[in-house]
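According to TrEMBL, the feature active site, nucleophile maps to Cys80. The active site, charge relay system feature in TrEMBL is assigned to His178, Glu180. The feature L-glutamine binding site is assigned by TrEMBL to Gly48, Glu49, Ser50, Arg109, Ile137, Arg138.
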Amino acid sequence: MSPVIGILALQGGVREHERSLDKLGVTHRQVRRPNQLLGLDGIILPGGESTTISRLLELGGVLEPLRAALAKGLPAYGTCAGMILLANQVRDTRADAHQLNALDITVRRNAFGRQIDSFEADLDFVGIDAPVPAVFIRAPWVEQVGEGVEVLAVVQEGPAAGAVVAVRAGNVLASSFHPEVTGDTRLHELFMEIVRAS
Ligand code: GLN
């Protein structure tokens, strides 16, 4: 049977991920309530505002079931705010923001600062041949990675050179940037490989 991917649709860039999965012919559905987690083969956590998504996860009762599903190995891909939510630890967030604790990384929110608030860069990416065009929008970066977390991409040039912006640990993939807005589907393809292998 072909896999079904949930897209967390509480806030943020849901439509863009739907378009990317449509391009790949992957079945998807929006997730707003706990019962919509049932039967999924993977879940995408979109960009948006992580503290808002965190609050809505709690209010809608999705936080604990999603955390539990991830702990059981549900494959996940988080972009930007989604990366923040998946992380074990977040710097520069609200004290009451929740984490899904699915990735042993420490992330800093809005890490690139006001001067380079939003930018684009071509990135070398482990496992992908040609450079990946990356759009960063008030993006986080990864400050620490735990054991078993693979760094897949770093910023190569400019003031933020060296910043870690894509990681994978087991079934969980995360990027600071938004491949879903460039029309490049290779990260979604990578995620689907993870889903199919799991
Ligand atoms: N700055 C946002 C946050 O902290 C993330 C931005 C994004 O997802 N594009 O959640």
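Quick reminder: no glycine exception, Cβ is built from N, Cα and C everywhere.
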Query: Listing them in sequence order, which of the active-site residues Cys80, His178, Glu180 have their Cα within 10 Å of that of Ser50 (L-glutamine binding site)?
result: Cys80
- prompt: Given the recorded L-glutamine site (Gly48, Glu49, Ser50, Arg109, Ile137, Arg138), which additional residues of the same chain have their Cβ within 8 Å of the Cβ centre, ordered by sequence?
  reply: Gly12, Gly47, Cys80, Ala81, Ile84, Asn110, Ala139, Pro140
Message: Can you tell me the CA-to-CA distance separating Glu180 (active site, charge relay system) and Cys80 (active site, nucleophile), as a whole number of Å?
response: 11
Three-class DSSP secondary structure - Glu180 (active site, charge relay system): helix
- line: CB neighbours within 10 A of Glu49 (L-glutamine binding site), counting all protein chains shown, number 16
Field: Tertiary neighbours of His178 (active site, charge relay system) (same chain, Cβ under 8 Å, six or more apart)
entry: Gly13, Glu16, Gly47, Thr79, Cys80, Ala134, Val135, Phe136, Ile137
